[in-house]
Structures are given as C-alpha cells and as structure tokens.
Amino acid sequence: MNWRSTAHHWGIIAKTFHWLVALGIFALAGIGLYMIDMPLGMAKLKVYLLHKALGVTVLALVLLRLLWRLFDRHPHYPADMPRWQVGAAHASHALLYLLLLLLPVSGWVYNSASGFPLPWFGLLQLPAIAPVSKSLAHVALSVHEIAFWVLAVVVLLHVVAALDHHFRHRDTVLARMLPWRYRSRVSDTRGDAP
C-alpha cells in the first residue's frame, strides 16, 4: 500500500487522517452530548477538559489533512458517476471541511470569551483566541451547537452516499477509503478528484 494516493486508491496518510478525524468527531459528539446533562462538579469539569483537548486535536488533524491534500494526488471518481453527483461530492466535502474547522474554532472562541483556561491534556496551556465577552461567548456557543447538528446531518449523508456507492453502484468509492486493502471492482475512472 502506498503512502501517497494514486488515481485509484487513497494512500495510507490520507486514510489515516480520514479515520482519525472520524473517530475524533464521533468521540467528541458522544462526550459533548453526555457532558451537557452532567451535574456540576469535578467529574463534569474533567469531561469538559477532555472534550476541549480532543476538539483542539481534531482541529490540528483537520488542518494537517487539508495541508496534505495540497500535495497529495486524489483518486478519480468512477467514470459512470453523473456530473451532478460529482458536484454534490465536491460541495459536501467542502461543507464537511468548513464544519470540521468551524466546530473546534467556535468551541475555542466560546472557551476564550468565557474566560476559561484551555489546557491540552495537561501538557500545555493554549492561548485565548478571543477577548472575554459574554455576548461573544453566547454567539460562539450558538454557532458551536448549530454547527454540530449540521455536521451530524452532513456526516449521515456522507455515510449513506458511501454505502450507496458500495452496495447499489458497486464501485470502489467506499472501498478505497477503508483502512484495509481491497480488490478494485471498477478500473474505469474519470479524471475528477474528490
């Protein structure tokens, strides 16, 4: 398996970024939904600290993934994929990346505007990125919550589309992003990259 992506396969680095971000987002969603109903106390504080540190980690992974995309080749879409689906794929990936940046940044702004510290797993203290402001904290929290629910819908559509490609269209769109090796069932691809 190649470190870099080819015309037909995602490389190890792209797959690793994809699955680490996916795991991070699912963990953050679970932790976030769990922590909001916790009673005040040290346990809730520890869960919040974990959520914040993991959110910053996902932000770093997304930024590294975007940087890697600038230098990595992108596998082609299947040749028989309609143009509207190619356009929808481009739009959904752009929206995914926007939300994957907006969520942790809005959380960081909320944290900063609320005047809270931001330790990263107890190893280092991250700087505030916004002034303390009750109104800014309120806006940032609203953006964070709305972006989460929009991301949940977009991720669901992303998964459904990947499963549709795999089971209905029987192409390699899903298989080539899976973390294990696969045999290509479709070799005829068009030149458009995801």
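Glycine is no exception: its Cβ is also placed from the backbone N, Cα and C atoms.
These figures come from a predicted structure and were not determined experimentally.
The domain 'Cytochrome b561 bacterial/Ni-hydrogenase' annotation in TrEMBL covers 9-179.
The transmembrane segment annotation in TrEMBL covers 12-36 (among others). Outside the transmembrane segment (12-36), and at least 6 residues removed from its termini, the chain residues within Cβ reach (under 8 Å) are 1-5, 44, 47-48, 50-51, 54-55, 57-58, 61-62, 64-65, 68-69, 72, 100, 103, 148, 151-152, 155, 177-179.
If you look at the transmembrane segment (48-68), the same-chain residues 6 or more away from its ends with a CB under 8 A from one of its CBs are 13-14, 17-18, 20-21, 24-25, 27-28, 31-32, 35, 97, 100-101, 103-105, 107-108, 111, 118-121, 126. What TrEMBL records for 48-68 (among others) is transmembrane segment.
Per TrEMBL, the feature transmembrane segment maps to 89-110 (among others).
Outside the transmembrane segment (146-167), and at least 6 residues removed from its termini, the chain residues within Cβ reach (under 8 Å) are 25, 29, 32, 78, 88-89, 92, 95-96, 99-100, 102-103, 106, 173-175, 177. Under the heading transmembrane segment, TrEMBL lists 146-167 (among others).
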